[in-house]
Amino acid sequence: MADTLESSLEDPLRSFVRVLEKRDGTVLRLQQYSSGGVGCVVWDAAIVLSKYLETPEFSGDGAHALSRRSVLELGSGTGAVGLMAATLGADVVVTDLEELQDLLKMNINMNKHLVTGSVQAKVLKWGEEIEGFPSPPDFILMADCIYYEESLEPLLKTLKDISGFETCIICCYEQRTMGKNPEIEKKYFELLQLDFDFEKIPLEKHDEEYRSEDIHIIYIRKKKSKFPS
């Protein structure tokens, strides 16, 4: 994948800026740290999903599909996906834990000149009561959130609580084969199907350059309740 890294040898925090070129020639600059946990780096799934949002298959004709739509990103980390959506005209809330808010706000500030919608950062801890999010968003975006087994049920609770029946949830994840990863992925989909319908987006509909056979994009939508017959 043809994005680039910038770093400083004099930086004690070992920070790196990942540069992601958009289709219009502008670039997103994403600050990340080599230490500090999984949320401090830009994962490949975030790049794949960000570039998918730019594809003609997703964007549609005329105004972009995200223009003036409300978007919530879960597990934002560096905010890559949410920032891409904001540059495409969406009104975005990027969310993660308290300890990642400074990094999110730094990346928002670094890219604010590219934003054509709006973007703000908020704290959201999966599994806890939803506060400060008054209505279901049009879209929920999530990249590489299927990672820790202990976070699956809290994540799905938050998805169920914060989404509406018309919310389009787009989940991008890397399929990992080491250790317990296959079991974690299997459990995620077993739990997901209890309350949600989902479908996989074919690889040929991903960005032609930023794609990989082991990185998947799925559309998810909350199941509508059925009345007893």
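Backbone N, Cα and C atoms are what each Cβ position is placed from, and that goes for glycine too.
Residues or ranges marked as N-acetylalanine by Swiss-Prot: Ala2.
According to Swiss-Prot, the feature phosphoserine maps to Ser8.
According to its DSSP assignment, Trp43 (S-adenosyl-L-methionine binding site) is coil. Per Swiss-Prot, the feature S-adenosyl-L-methionine binding site maps to Trp43, Gly75, Ser76, Gly77, Asp96, Trp126, Ala143, Tyr148; the stated evidence is experimental evidence.
Taking each Cβ in turn and tallying the other Cβ atoms within 10 Å, the top scorer among the binding-site residues Gly75, Gly77 is Gly77. Of all Cα pairs drawn from Trp43, Gly75, Ser76, Gly77, Asp96, Trp126, Ala143, Tyr148, which the record names as binding S-adenosyl-L-methionine, the longest spans 20 Å.
Using a 10 Å radius centred on the Cβ of Trp43 (S-adenosyl-L-methionine binding site) and all shown protein chains, the other Cβ atoms total 21. Within 10 Å of its Cβ, the residue among the binding-site residues Trp126, Tyr148 with the fewest other Cβ atoms is Tyr148.
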